[in-house]
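K.L.:
Before I ask anything, here is the structure I am working with.
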């Protein structure tokens with residue numbers, strides 16, 4: 001193995017381990033907290049978490065083996081199954097992010113009617129659509145034998161080995177990425193830009209009230225005035241940073257891989273094998289960033305996993321104290337003798 005291949009294998013191992021740890025932590029928070037389970041967006045996050053976990057235990061290990069052995073790491077049935085799952089899980093993840101953005105849009109733009117517009121039944125219907133949408137493409141690909149080991153990405157994925165099917169495969173790939181990546185990106189941009197517009201409007205209203213208050217309070221200390229102005233700047237930047245993170249991570253992780261898949265269809269452009277694996281690793285990195293972007297860095301999840309950690313540490317300390325007390329009671333008779 002070359003130094004590049006060793007480095008790429010190391011990156012895949014890190015991505016796999018972090019994705020497993022982070023998504024398991026999200027799942028634990030969901031199971032531990034009744035408040036999180038009561039929220040409608042929790043269904044979308046749970047679906048996204050399961051997609052990321054399955055990706056980490058199915059597709060990533062085979063890609064790692066493909067990088068190491070430079071060939072198909074398992075038999076055709078296993079590779080076809082993993083390729084089917086990879087296509088399904090990637091599409092499902094994209095649509096789950098779009099569903100989360102729709103939920104946020106309704107919550108911010110229509111706050112008074114949110115509970116009537118987004119109920120658990122509505123979320124279940126949206127999830128049913130994402131599953132049907134995500135399953136349709138790999139089913140078609142599997143029926144036409146367009147799933148297999150692709151050396152460019154060192155992974156089991158969509159792949160056409162028959163030259164006579166090239167035109168049909170090009171059309172299929174274009175439609176697939178249009179209705180998965182592009183559709184999700186358009187929904188993300190539309191909904192989050194609407195959310196940003198509302199957030200900025202509310203920030204302006206709060207800024208006007210704050211400035212009027214500061215003008216009236218002529219005897220206010222300069223440090224207090226400066227803190228108020230600093231909070232204004234943070235408030236304006238907070239919504240922009242969050243929305244930029246949602247859209248930016250989606251584009252950064254998926255766009256290089258999707259563009260590479262589309263450019264690959266042209267026989268004119270040659271794609272470096274290392275870049276193919278790098279673009280695949282960027283797509284895998286979404287399974288790592290999602291738990292932090294959508295869950296673990298939010299206040300409610302922070303509080304939940306801290307409560308879980310404190311509970312585990314407290315239980316371990318109680319067990320340690322009990323063991324120490326038991327050992328002490330056993331030693332007493334020996335000392336009396």
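Each residue, glycine too, has its Cβ placed from N, Cα and C.
Heads up, TrEMBL stuff is auto-annotated, nobody curated it.
Among the features that TrEMBL reports, transmembrane segment is placed at 6-32, 44-68, 94-114, 126-149, 169-195, 243-259. If you look up TrEMBL, you'll see 22-294 marked as domain 'G-protein coupled receptors family 1 profile'.
Where in this structure would I find these features, and how exposed are they?
P.N.:
Residues 1, 5, 8-9, 12-13, 15-16, 19-20, 23-24, 26-27, 30, 74, 78-79, 82, 85-86, 89-90, 92-93, 96-97, 99-100, 103, 123, 126-127, 130, 149, 151, 153-156, 277, 280, 284, 286-287, 290-291, 294-295 of the same chain, all 6+ positions outside the transmembrane segment (44-68), place their C-beta atoms under 8 angstroms from a C-beta of that stretch.
With a cut-off of 8 Å between Cβ atoms, the residues of this chain six or more beyond the transmembrane segment (126-149) that come close are 43-44, 47, 66, 71-73, 76, 79-80, 83-85, 87-89, 91-92, 95-96, 99, 102, 155-162, 165, 168-169, 172, 176, 179-180.
Cβ atoms under 8 Å from those of the transmembrane segment (243-259) belong to residues 94, 97, 101, 177, 181, 184-185, 188-189, 192-193, 195-196, 278-280, 282-283, 285-286, 289, 293 of the same chain, restricted to positions at least 6 beyond its ends.
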K.L.:
Limited to the domain 'G-protein coupled receptors family 1 profile' (22-294), I'd like the whole-number average of pLDDT.
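P.N.:
87, rounded to a whole number.
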